[in-house]
Every structure is written in C-alpha cells, then in structure tokens.
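Q: Dropping a structure here in structure tokens format, bear with me for questions.
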Amino acid sequence: MAREKFERNKPHVNIGTIGHVDHGKTTLTAAITNVLAKKGQAEVQNYADIDGAPEERERGITINTAHVEYETETRHYAHVDCPGHADYVKNMITGAAQMDGAILVCAATDGPMAQTKEHILLAKQVGVPALVVALNKCDMVDDEEIIELVEMEIRELLSSYDFPGDDIPVVQVSGLKAIEGEAEWEAKIEELMAAVDSSIPEPEREVDKPFLMAVEDVFSITGRGTVATGRIERGIVKVGEEIEIVGIKDTRKTTVTGVEMFRKLLDEGMAGDNVGLLLRGIQKEDIERGMVLVKPGSITPHTKFEGQVYVLKKEEGGRHTPFFAGYRPQFYIRTTDVTGQITAFTAEDGSNVEMVMPGDNIQMTGELICPVAIEQGMRFAIREGGRTIGAGVVSKIIE
C-alpha cells in the first residue's frame with residue numbers, strides 16, 4: 001500500500017529546514033511528515049528518527065544529516081534537516097545537500113537569533129534561491145502584537161541580506177501542536193506547504209542548462225584525433241556542435257566530431273554521462289585536466305573571486321594551526337588543483353579578519369595563478385600537500 005504513492009510523476013524539489021538551535025527545525029520537519037501522512041503523501045517520521053541522523057562523509061568532512069521525503073498535491077520533496085549548527089555550515093558550503101529553497105524556522109518566543117542570521121547569510125552566499133519563513137511556537141505567544149513584531153524583525157533581517165523580505169511568506173505555525181493533532185495547527189502546516197509549493201521555484205533541470213564538461217583525461221587516437229574524457233556536468237552535447245575549451249590557457253573553439261560512451265558511439269551526450277569527446281584539430285598538448293569544455297560564450301575564465309569557506313578541524317584531517325591572509329594553498333576546482341593565494345579574510349560584518357582557525361566559517365578573497373572556469377555557486381576544496389583543509393563555495397566573481 002505505502003509503496004505506490006512515491007511515483008515520480010511530479011517535479012522533484014530539494015529543500016531543508018534552517019534556523020537557530022532549539023527553534024524547532026526538527027519538530028517542524030516531523031510535523032510536516034505527520035500532517036502529510038494523513039493524506040497518504042508521506043511516511044510519518046518522529047522527532048527521534050530525524051534527530052538520530054547518521055553521520056555521512058562528504059569530501060572527508062563528517063556531517064550529520066537527516067533526509068525525509070514527502071509529497072504535496074503538486075510536487076515531490078526531499079527535505080534535509082541537521083541536528084547541529086556546524087552540520088548546517090558544512091552541509092551548505094560543501095553542497096552535500098543541495099537546496100532549491102529552504103524553510104527558515106524562527107521561534108516567535110525568541111525572535112531572530114545569532115544562527116538565524118548566520119543561516120540567512122549562508123543561504124545567500126551559497127545561492128539558495130528562495131526562502132519561506134515558519135514562525136514556530138506561536139501557540140506559546142498569546143499577544144498577537146509580539147508575533148507581528150517578530151515577523152517585522154525577520155522581514156527586515158531578510159531584506160538586509162538581499163532576500164525579498166517584504167514578499168517572502170511568513171506562516172505562523174506550531175510544530176508540536178500539529179504533531180499532537182490539533183486541527184488548527186495542522187491547517188497551518190498545510191498553509192506552510194502551500195507557501196513552499198508556490199514560493200520556491202522549480203529548479204531548472206541540469207540537462208536544460210548550457211553544456212559543460214570538466215576534462216578528466218586526454219588521449220590521442222591514431223588516425224582519429226584527440227579525445228577528452230569526463231562526466232558531463234550539465235546540458236547536452238551533440239556530434240557536429242561547436243564548443244569552447246576554457247581555462248588555464250587561452251580559450252579556443254573546436255568541433256565535437258564524436259561522442260563515445262562505454263566504447264559505443266552516440267549522437268549526443270547529456271548531463272550525468274561519462275563520455276569521451278573527439279575534438280577536431282586539437283593536439284593532445286592543447287588540452288589538459290582542469291580545463292572545461294562548454295557551450296561557446298556560456299562561461300569565462302577568472303582568477304579572482306570571493307568564497308565562503310569552512311575550515312576543517314584537526315579531527316577532520318584539517319590543519320592543527322591557524323593561518324593568515326597571504327596563505328598560498330591549492331584550490332581544487334572541479335578536476336584539478338590550481339595554486340592560489342588567499343589575499344583577505346572578511347567577517348560577517350564586513351570587517352577584516354587577521355587569523356583563521358580550524359573549525360571557522362569565513363568569507364575569503366582568493367586569487368589564482370592562472371585563469372580557470374569558475375562561476376558563482378561553484379564548490380571547491382582548499383588543499384595543502386594533497387589533503388583537504390577547507391571546503392568552499394564561490395559567492396562572487398571579482399575578475
């Protein structure tokens with residue numbers, strides 16, 4: 001019986017709950033599954049199931065994340081919830097759990113707190129496109145005016161981080177009362193999910209985006225030419241199409257004369273495929289790991305960018321000691337290490353930071369020694385002698 005309802009005939013959207021510790025993110029997640037389960041659109045997950053999330057490792061970083069899934073009338077959702085603040089930081093920066101949108105949970109009893117702000121900033125930096133606010137614990141506040149003040153405060157806060165604070169839906173909920181089955185609060189969860197359905201845009205499918213493949217390896221095939229292999233990150237490439245080779249050296253154009261997968265010839269390769277592309281008029285020495293093959297004009301190489309970085313703790317295999325501006329690590333971007341320099345560290349309020357400790361979450365400005373294809377929202381690792389010491393996401397391209 002329960003098996004039938006998860007047919008994949010609805011658009012799939014990835015979301016998560018974010019917000020300050022103890023504001024009720026996990027309880028709200030449980031409440032959503034409880035309310036939707038009554039309509040046969042979810043399996044009930046209780047607080048303990050979600051809170052006891054197993055550890056996962058993403059690029060060597062340990063993250064606790066709970067994954068639940070449910071449906072509304074129009075969509076299928078995968079929802080992530082993390083037990084601890086550090087897990088959110090790591091999750092959002094590494095992109096371990098991609099979010100097309102998020103439910104910002106804020107307790108009406110407390111209003112916005114330190115991590116409320118930090119999570120909004122993180123959402124902005126890592127490119128979470130849309131938020132919906134769940135004003136939680138509203139059953140505990142008798143005075144409607146207090147709730148209105150908290151709502152105003154949240155809207156101003158969102159606007160200060162360049163989210164559309166005036167337009168974002170704010171829904172008054174009580175996760176606990178909804179789980180206990182009180183009808184008015186169950187209705188509020190449905191209202192929240194209706195807001196999520198309408199305010200969080202459906203993500204563009206990878207296959208509809210402009211073609212990009214990072215080069216992993218290059219071969220010469222006698223009598224046929226040069227083949228670049230890799231996994232197509234997005235888009236579609238067809239035999240006979242013109243593409244650009246971008247990064248490290250000057251950008252140049254070529255034509256794809258063959259697409260091969262598992263030794264078979266194809267007419268086209270699409271997002272997710274591991275392929276070899278035969279390139280016209282290209283010598284083996286013209287192309288190397290770390291370059292990308294792209295739809296012409298869709299991406300340009302850059303050397304200078306801002307990033308949001310999580311610095312690994314020593315228990316995670318990171319550094320044991322702090323480092324300072326001027327530090328020269330390797331930036332691992334897509335398929336290769338590029339030497340660069342971290343020229344500045346910036347705190348949340350925009351002030352300069354001298355020293356960065358293992359375990360910190362920080363904004364940095366980086367400069368690479370050669371131009372590579374980087375873009376906003378792209379993930380990278382910071383490495384030193386082959387081991388990862390930081391994980392980051394590009395928040396802004398400078399030049």
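Just so you know, glycine gets a Cβ as well, placed from its N, Cα and C.
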Q: I'm validating the feature mapping. Which of 60-64, 90-94, 350-354 is tagged region 'G2' in Swiss-Prot?
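A: Swiss-Prot lists region 'G2' for residues 60-64.
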Q: Which one of these stretches, 81-84, 233-236, 365-368, shows up in Swiss-Prot as region 'G3'?
A: 81-84
Q: Quick test of your reading of Swiss-Prot: among 3-10, 19-26, 203-210, where does it put region 'G1'?
A: 19-26
Q: With Swiss-Prot as the source, which of 136-139, 180-183, 320-323, 340-343 is set down as region 'G4'?
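A: Feature region 'G4' in Swiss-Prot: residues 136-139.
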Q: Cβ pairs under 8 Å only, please: of the recorded stretches 19-26, 81-84, 136-139, which one is richest in them relative to the region 'G2' (60-64)?
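A: The stretch with the most contacts is 81-84.
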Q: Just name the winner among LYS25, HIS85 (the binding-site residues) by count of other CB atoms within 10 A of its CB.
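A: Top count of Cβ atoms within 10 Å goes to LYS25.
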Q: Taking residues 6+ outside the region 'G4' (136-139), which of them lie with a CB under 8 Å of any CB in it?
A: 23-24, 27-28, 105-109, 147, 172-177, 185, 188
Q: If you count CB neighbours within 10 Å, which one among the binding-site residues GLY19, ASP22, CYS82, CYS138 has the smallest count?
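A: Relative to the other binding-site residues in GLY19, ASP22, CYS82, CYS138, ASP22 has the fewest Cβ atoms within 10 Å.
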